Amino acid sequence: MRNLKSVTPLLMAALLWGQSLLAQASLPDFTALVEEASPAVVNISTRQKMPERSVAAQPGLPDLEGLPPMFREFFERSIPQMPRNPGGRQREAQSLGSGFIISADGYVLTNNHVVADADEIIVRLSDRSELEAKLIGADPRSDVALLKVEGKGLPTVRLGKSDELKVGEWVLAIGSPFGFDHSVTAGIVSAKGRNLPSDSYVPFIQTDVAINPGNSGGPLFNLKGEVVGINSQIFTRSGGFMGLSFAIPMEVALQVSEQLKADGKVTRGWLGVVIQEVNKDLAESFGLDRPAGALVAQVLEDGPADKGGLQVGDVILSLNGKPIVMSADLPHLVGGLKPGEKAEMDVVRDGSRKKLKVTIGTLPEEGQELAAAGSTKGGERSSNRLGVTVVELTAEQKKGLDLRGGVVVKEVLSGPAAMIGLRPGDVITHLNNQAIDSTATFAKVAQELPKNRSVSMRVLRQGRASFITFKLAE
């Protein structure tokens, strides 16, 4: 027993030491990666000349021009309405960001929002030398910008394939958060293919790498030391890092940069549809086994989809053999196609599968807005089953809204219509997968709606169409 007691502490110490070594062995060592990659990561500063706000002096407030600089800054921060610069002079706005060199002759990738509207762009290298950069082109839709500095034999990063990234894989960022050059942070890939509301054409890489203002435009590396993304956005309620960072995949950035280098702009494929997500109730309503695909809520007249035979209510399941798992997958795939290219789609229509061929168009510079419905005249019908009163669309409204049919909600009573959020002025174009061309059709379809089953309704509100679902109780 004495021998056992004396051995036990030694065994425990050995076990703890072994666990410590195992933990250390499982954590990556980033030192070699950082030493190799850092020289090609740059700090980007911009200057923009802006007219000073010229505000007339207000009673009880001093003129800032007559104050010492220290007091002037205090009043500017504390009292936004403080009059400043009555002479109308220009002031200089500055911003900081990051970037990385992709070619030895000086091409640099960064974010569009880092250099947007800049009058001067300065790139500072790791040796603290500064070079003036020329903006070759920028693409607001992907938030990618391509710069050029004069130089030869510049250090460059190695480019990797972001589509080979796996969730849970270690990644590392180098950038200039809050101006602190070449700060290194690490984390893991949290998710892939994230769609953000303001960016329909980028399937973002989500990470938990600490990203802060100033990191924008900097590289995201894998453990091989290859750039797999451009750090672009964070989700935050405080203005700082909260564990949700988003990077532009390198494949997207390279496609954009190649077009910017060749043409100074980006041309994307376009289908001419408005789509929405397919949830469980919509899947049941449209005869799908499970939620999948992109539901066509709107088809632009004479657009590529319209000419190819796509209809409102179709569910697009694949494009050129690539599955559409989420509706956000479709814009990414279509945007990557060249205008004039033929594309094959698998769609579900009225519960049956169909194949359609569409000639891809060119994405317009700006979206086309549809006018909202106004007051109406014509026949009036009420549906007690839905709790709604509808009236006919006028010819002028049909033309203005680019519609062939539909009815306008005049009054919403208690019932399913109120529960799903219908409002007066909404235009109902489809009910239970049937086109509504008149108030009589609406009343007939509403009367025949099934009970205890998801029913879809297509609604146009302020120019935007979407499908909503509801169930009628027994």
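Cβ atoms are placed via backbone N, Cα and C, with glycine included.
Feature annotations, courtesy of Swiss-Prot:
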ACT_SITE  His113  active site, charge relay system
ACT_SITE  Asp143  active site, charge relay system
ACT_SITE  Ser216  active site, charge relay system
BINDING   Gly214, Asn215, Ser216, Leu271, Gly272, Val273, Val274, Ile275  substrate binding site
DOMAIN    260-351  domain 'PDZ 1'
DOMAIN    357-463  domain 'PDZ 2'
SIGNAL    1-25  signal peptide
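Positions of Swiss-Prot features highlighted on the structure.
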{"residue": "His113", "record": "active site, charge relay system", "DSSP (3 states)": "helix"}
{"residue": "Asp143", "record": "active site, charge relay system", "DSSP (3 states)": "coil"}
{"residue": "Gly214", "record": "substrate binding site", "DSSP (3 states)": "coil"}
{"residue": "Leu271", "record": "substrate binding site", "DSSP (3 states)": "coil"}
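Here the domain 'PDZ 1' (260-351) has a mean pLDDT of 91 out of 100. Each of the binding-site residues Leu271, Val273, Val274, Ile275 was ranked by the number of other C-beta atoms within 10 Å, and first place falls to Leu271. Of the recorded residues, Asn215 (substrate binding site) and Asp143 (active site, charge relay system) place their C-alpha atoms 14 Å from one another. Taking a C-beta cut-off of under 8 angstroms and a sequence separation of 6 or more, Ser216 (active site, charge relay system) has the following same-chain neighbours: Gly97, Ser98, Thr110, Asn111, His113, Val114, Gly175, Asn231, Ser232, Gln233.
When DSSP labels each residue, the domain 'PDZ 2' (357-463) comes out as 20 helix, 34 strand, 53 coil, counted as helix, strand and coil in that order. Leu271 (substrate binding site) sits 22 Å from Asp143 (active site, charge relay system), taking the CA atoms of both as reference points.
In this view, Gly214 (substrate binding site) is surrounded by 22 other Cβ atoms within 10 Å of its Cβ, with every protein chain counted. When the recorded positions His113, Asp143, Asn215, Gly272 are scored by other C-beta atoms within 10 Å, Asn215 scores highest. When DSSP labels each residue, the domain 'PDZ 1' (260-351) comes out as 21 helix, 28 strand, 43 coil, counted as helix, strand and coil in that order. If you take the Cα of Ile275 (substrate binding site) and the Cα of Asp143 (active site, charge relay system), they are about 23 angstrom apart, rounded to a whole number.
Between the alpha carbons (Cα) of Val274 (substrate binding site) and Asp143 (active site, charge relay system) lies a span of roughly 22 Å.
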